[in-house]
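Enquirer: I am attaching a structure below and will ask some questions about it afterwards.
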Amino acid sequence: MSTSAASLHPFVYLASQSPRRQELLQQLGVRFELLLPRPDEDAEALEAELPGERAHAYVQRVCVAKAHAARARLVAGGHAARPILVADTTVTIDDAILGKPVDADDAFAMLTRLAGRDHEVLTAVAVVDAEGTLLPAALSVSKVRFAALHAEAIRRYVASGEPLGKAGAYGVQGRAAEFIGHIDGSYSGIMGLPLFESAALLRAARIDF
């Protein structure tokens, strides 16, 4: 049975500061408004790892925690009740979780570890519908193969500033593209928002696009 246009939501709240996620939503033709953490929120605390936590469990737990935090933010702020989209991305190699580097030295160490090897990029996506129900989250898993890299190439890339603020210390859509020999999975998932999974969740939440 088709859903009438009157029952569709005109936009979704995006609980993310990532420019890449905003670009990807625009690619789908999804209208959105940002729902960002308040100054008094400790958003970074949500991304803290638990002892012994594996990457797949970690990224899904953090995504769900972000979803609950975003819903609480919406209610506390008195915003109109609309669905909320959240996502979390991490990189994993050797069972280690590589999140956002804390500084240039950390970025250099991460990229040195990835050089010449395969790793996984995991992006979990969740939607809280307008009634406040968390829909089943989706997980995108992609494998990425990096070329062997000399230390000087890594230093030049780190000096560009691009690695900071990105899981695994690189952006697939930026200068790091020259390092990537092979991808098995979702390019948009590696960017931070897998469009196949996200579109399905947004349609389930009755977003008009």
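Glycine is no exception: its Cβ is also placed from the backbone N, Cα and C atoms.
Note that the structure is a prediction, hence the values are computed from the model and not measured.
Swiss-Prot lists Asp88 with the feature active site, proton acceptor. According to Swiss-Prot, the feature site 'Important for substrate specificity' maps to Arg20, Thr89, Gln173, an assignment based on sequence analysis.
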Enquirer: Which residue, out of the recorded sites Thr89, Gln173, shows the minimum number of other Cβ atoms inside 10 Å of its Cβ in this structure?
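Expert: Per-residue Cβ counts within 10 Å for the recorded sites Thr89, Gln173 bottom out at Gln173.
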Enquirer: Which of these recorded positions is closest to Gln173 (site 'Important for substrate specificity') if you go by CA atoms: Arg20, Asp88, Thr89?
Expert: Arg20
Enquirer: Including all protein chains shown, what's the count of other C-beta atoms within 10 A of the C-beta of Arg20 (site 'Important for substrate specificity')?
Expert: 19
Enquirer: Can you tell me the CA-to-CA distance separating the residue listed as 'active site, proton acceptor' and Arg20 (site 'Important for substrate specificity'), as a whole number of Å?
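Expert: Spelling it out, the Cα of the residue listed as 'active site, proton acceptor' and the Cα of Arg20 (site 'Important for substrate specificity') are 12 Å apart.
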Enquirer: Any idea what DSSP makes of Asp88 (active site, proton acceptor), helix, strand or coil?
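Expert: DSSP assigns Asp88 (active site, proton acceptor) to strand.
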Enquirer: In whole Å, how far does the CA atom of Thr89 (site 'Important for substrate specificity') lie from that of Arg20 (site 'Important for substrate specificity')?
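Expert: Roughly 12 Å, rounded to the nearest whole number.
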